[in-house]
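Trainee: Look at TrEMBL and you will find LYS4, GLY5, GLU6, LEU7, ARG8, ARG136, LEU137, GLY138, TYR139, GLY140, ALA141, GLY142, PHE143, TYR144 tagged as ATP binding site. Marked as substrate binding site by TrEMBL: LEU50, GLU57.
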Amino acid sequence: MKTKGELRQHYRLLRQQLSSAELETRSQAVAQRFFDSLPLDQISILHTYLPIARHRELSPWPIISKIQQEYPRIRLVLSRTQWEQRQMEHVFWEEGVEVKENEWGIPEPVGGVVCSAEQIDAVLVPLLAFDRQGHRLGYGAGFYDRFLASCSARVLSIGLSLFPPLDDPLPGIFPTDVPLTHCITPEMSFVFGNAD
């Protein structure tokens with residue numbers, strides 16, 4: 001069995017091997033599954049990430065665009081990283097809130113009205129890989145685990161994955177690792193035991 005470090009390296013390499021067209025195709029397929037399988041009537045506030053170009057992350061833009069056009073009652077939230085505190089601050093992504101890349105190339109909001117984690121109904125979670133128990137492999141800094149732990153117990157944590165789940169359980173799970181309630185791949189949607 002591979003270690004988390006080896007899995008990170010493996011999935012980063014798999015991402016780099018995807019053509020831009022394939023990355024876009026997979027992102028569109030995940031967006032379609034998102035709208036087909038999630039209870040949008042239960043979501044008033046949706047936290048999303050914006051893709052980091054150099055990481056070749058699955059793009060949530062197809063989801064974001066459709067929500068902005070067809071679900072205006074759903075308010076979108078973005079985060080900015082507070083590196084010294086090792087946490088994220090969340091703000092409503094509304095008209096007038098500009099997005100700029102920070103010094104690490106992460107797109108973040110400038111200004112905006114702060115939103116508490118407890119207000120958020122659902123979170124789109126970036127990841128490298130996941131297993132069939134809902135554990136995700138992130139980049140290793142723990143920002144999303146701390147964020148999800150601060151959300152309400154009813155929050156939907158929705159992983160967006162370019163690839164199918166791991167065959168084996170993810171190694172090295174810690175008590176601070178917060179499992180997903182859902183994960184969506186281009187081929188399938190998964191609901192895990194911690195979902196209502």
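Backbone N, Cα and C define each Cβ position, glycine as well.
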Trainee: For the ATP site as recorded (LYS4, GLY5, GLU6, LEU7, ARG8, ARG136, LEU137, GLY138, TYR139, GLY140, ALA141, GLY142, PHE143, TYR144), determine the largest distance between any two Cα atoms, in Å, rounded to the nearest integer.
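Mentor: Largest Cα to Cα distance for the ATP-binding set is 20 Å.
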Trainee: Sort out for me which one of TYR139, PHE143 has the most neighbouring CB atoms within 10 A, since those are the binding-site residues we care about.
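Mentor: Output for this query is PHE143.
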Trainee: Among GLU6, GLU57, all listed as binding-site residues, which has the most CB atoms within 10 Å of its CB?
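Mentor: Result of the Cβ crowding comparison: GLU57.
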Trainee: Could you measure between GLU6 (ATP binding site) and LEU50 (substrate binding site) for me? Cα positions, answer in whole angstrom.
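Mentor: Roughly 25 Å, rounded to the nearest whole number.
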Trainee: Taking the Cβ of LYS4 (ATP binding site) as the reference point, list residues of the same chain whose Cβ is under 8 angstroms away and which are at least six residues distant in sequence.
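Mentor: Those within reach of LYS4 (ATP binding site), by Cβ under 8 Å and sequence separation of 6 or more, are LEU137, GLY140, LEU170, PRO171, GLY172.
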Trainee: Below 8 Å Cβ to Cβ and six or more residues apart, same chain only. Which residues does that give for ARG8 (ATP binding site)?
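Mentor: Sequence-distant Cβ neighbours: LEU128, LEU137, TYR139, GLY140.
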Trainee: Around LEU50 (substrate binding site), how many other CB atoms lie within 10 A of its CB?
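Mentor: So the Cβ neighbour count for LEU50 (substrate binding site) comes to 21.
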Trainee: Are there residues of the same chain, six or more positions away from ALA141 (ATP binding site), whose CB falls under 8 angstroms from its CB, and which are they?
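Mentor: Sequence-distant Cβ neighbours: ARG86.
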